[in-house]
Each structure stands twice: as C-alpha cells, then as structure tokens.
Amino acid sequence: MQLLNFGLLLLPFVAGDLAPQPEPLLAGPSDVVPGQYIVTLKEGLTSAQIRDHKKWVSSVHRANLEGFAAGASGVETEGIMKHFHIHDLNMYSGGFDEKTVEDLSRNPYVKSVHPDQHVYLAKTVTQRQARWGLGYMSSKGKPVPLHSTLVDYSYDDKAGEGVWAYVLDTGINVNHVEFEGRAILGHNAIPNKPHTDEFGHGTYVAGIIAGKTYGVAKKANVVSAKAFDTGSSTYNYILETYDWIVRNITDSNRKNKAVINFSISGAKYQPFDDAVEKAFKAGIATVVAAGNDGKDAKNNTPASSPNAITVGAVRWENTRPSFSNYGKIVDIWAPGELIKSCWKGGNNATSTQSGTSAASPHVAGLVAYLMSTENLPSPSAVTARVLNLTIPNLVKDAKDSPNRVVYNGIQERKFTLPKYF
C-alpha cells in the first residue's frame, strides 16, 4: 500500500543557515485514514449509470454492515461522503468496511479504489528579510544580491490585472495590506473551522503571487481555497476544494483568466494526478511544487501530473538547493530560498521562508502576469509561453532536469518600464 509523504514545502532553517535541510519524510501506517477511500469511476458513464451505481453502493454497504458487523472494529464506515466531478472525471469519497471495498474493486463501473491519506504541512520558522526573488524574475537569470533591498524588478504595469489566482492551501488572510482588497474568500473544506489562515502558508504563497510588495502579479486577484488547517488534511478535503475551484472558474467564465497554485507535494497519488489532468483538458492551468525531498520528482503528486507546470527551486546565484526535487518532470526553476512574503499574525506580518512552495507561486504569478499582458487562450498556450521565455543552462546541479530558469520577458519589451525597490 502506497503511503503519502506530504510536507508543506517551506523548510525550516536556523538563522545564518543558507542551505536548509529537508524535513524527514512523513510516511507510515498512520498516514492512511482508516476505513476511508477515494473511488474513481470509469469514463463514459451516463448520469443515470452513476446514480444507479451510488444506489448499489449504498445497498451493498448497508448489507455488509448488517451481515458482518463491520462497525465492531471501531472503524467509521458511513458510506458515500462526497462526490467530485472535474471535467469528465467522476470520483467520490466514502467510509467503507473491507467487504464493501472488495465489492467496489470488482464493480464494472469502478476504475480504482485508493485509501484516503493524511496530507501534512512541514514546520516553518522566521528568517531575516530577503528580497532577491522578484529581481531575479526580470534579470534573465543573472545572479542577484541575496540581502540587497536595491534590486530592480521590472514589469509591465498590467501586472496580472483582471486575472484570478486560486490558492489551494491553508487559507489566506484576505485583510492583509499586501492584497489591497484584491483577495477574497472562496471555499473552506475544513468542517467546523473558520475560513482564516492560522498556519500562515496560504497567505505567504498568495503574497508571492499577487502582493503589492512581494508579488509577481501585483494587480491580480487571489481566491482562498482552504483544504488545510493547521498542518494536515486528507484527499477527501483536497479533492473537494480542487473540484470547487474548477467549477468556480468554469461557472465564472474565467478559464483564460485564472490559474491554480498548489504548493504541496507528496508521494504519488493517482486520483489527484488524474484531477489535474482533467482540469487541464477543461482549459485550466495548475502550477505545482516539485517537492523538497532532494529526489526525482517523478514519484511525487501532483508534480508528476504531465500537464501541471512543475517548479523546482533555485538560489540567487543559480544553484539548486539540496532540498529541491529535480528530474525530467520538472518544467522550470524559480526562486525558492530565503523568500520574503506575507505571513500570519497580523495584517502587516511578513516572514522569510525556503522551499519549492516559494518557487511555485513565482511561476503562478508569472502565469497571471502573462494572462493579463498577452491574452493567452489555453493552458497549453500558457505552458508554452512560460517555457519559451525561460533562460537555459544556468542552474548548477540540475541533475537530468530541463535546465530552464524563470523570466518574465520584460527586457524584450519596447516601452518605458516601471521599476520596483
């Protein structure tokens, strides 16, 4: 049974330590949610077939509970819980006894049955300010000073205006001054918890995407889609939230003006990889973190989703931090060490962190920026443009990864540019 190794990708480090080490992998039997599963249905089923299937599941589950006293084990078996529909992908979560799981695995309408898993966020600590990441975005990959506050960040003044960045994370402090009223609360999947950010990570990520000081796309809107609370979640909540995002983008006619950022990475989990692929086919771009294990990202979710934009971390002098995952599945490298952004604890709070969690929103911000300046028509056009702008062969120790660093293309534009810092 495959277990999930999720850690929120902002790695802890002590003051003065410029080479953070990765958190231990969070794998073990406790990662599986006892008695809870994600069921993926085969494609091509009609609404009537899906409805009949659910009735069959309820009947079989009820009969098995009565016949085998499954509840005596202490495992919660409540039947079907939530249904997820992303493009033409249909899945549902549920609490089932072992006999029902066996019956489900043999059902002709069922593609797969996966145990639900806990998803964990790693610990974070505070570090002195560093502002090199934005300057790097417009430097064509030239090394920039780590601690300088005089680095220029040049950008088109459309700066993501009219674009929506959905942050699937721990929530966002939408009242933070960095967002200037451009952040809104979207969906909260966590039962009996307020739609706030008690952990800090979602606010941090959103600040890199669209903060007025720390953001790549300084005029973009950000939407809080909360699937984590104070350190952990399950795919039951993550899939619910991703499903809501895709529906909201579609219903709001924002497909060409929206990007999803998911700055979390863990062991391979096919149901979520499938969801990312279906969102892409529906016309929605997703940017994800490569992961912080210092290993090949091909075994990570959602980094291994073929049509996600997978982002590794690079340092200010163009070296790969030892924590950053790598490999052929990594599409692009972006600033990911000692990056300052918004934080929890107040409407002016900031923190400096490291990890591919910081790298991913730099690229999500670039996607929002390019959507506003170039009117890119599809996620495939978005990916092609982002990769076309990259600067090649700069990352030291990129392993067998495509060696491409992020660039916003501003030096090729023919007009007076605003400068930042």
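Cβ atoms are placed via backbone N, Cα and C, with glycine included.
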Notebook entry, point to check: Where does Swiss-Prot put N-linked glycosylation site, among N261, N299?
Noted result: N261
Note to self: Tell me which of the recorded positions N248, N261, S357 ends up closest to D169 (active site, charge relay system) in space, Cα to Cα.
What the structure shows: N261
Next item on the list: Have a look around S357 (active site, charge relay system) and count the other CB atoms within 10 A of its CB, chains all included.
Entry: 33
Next item on the list: Mind looking up the mean pLDDT for the domain 'Peptidase S8' (131-421) in the predicted model?
Entry: 89
Check: Quick one: Cα separation, S357 (active site, charge relay system) versus N348 (N-linked glycosylation site), in Å?
Finding: 21
Check: Whose Cβ, among the glycosylation sites N261, N348, N388, has more other Cβ atoms within 10 Å than any of the rest?
Finding: N261
Item checked: Residue among the recorded positions H201, N248 whose Cβ has the most other Cβ atoms within 10 Å -> H201
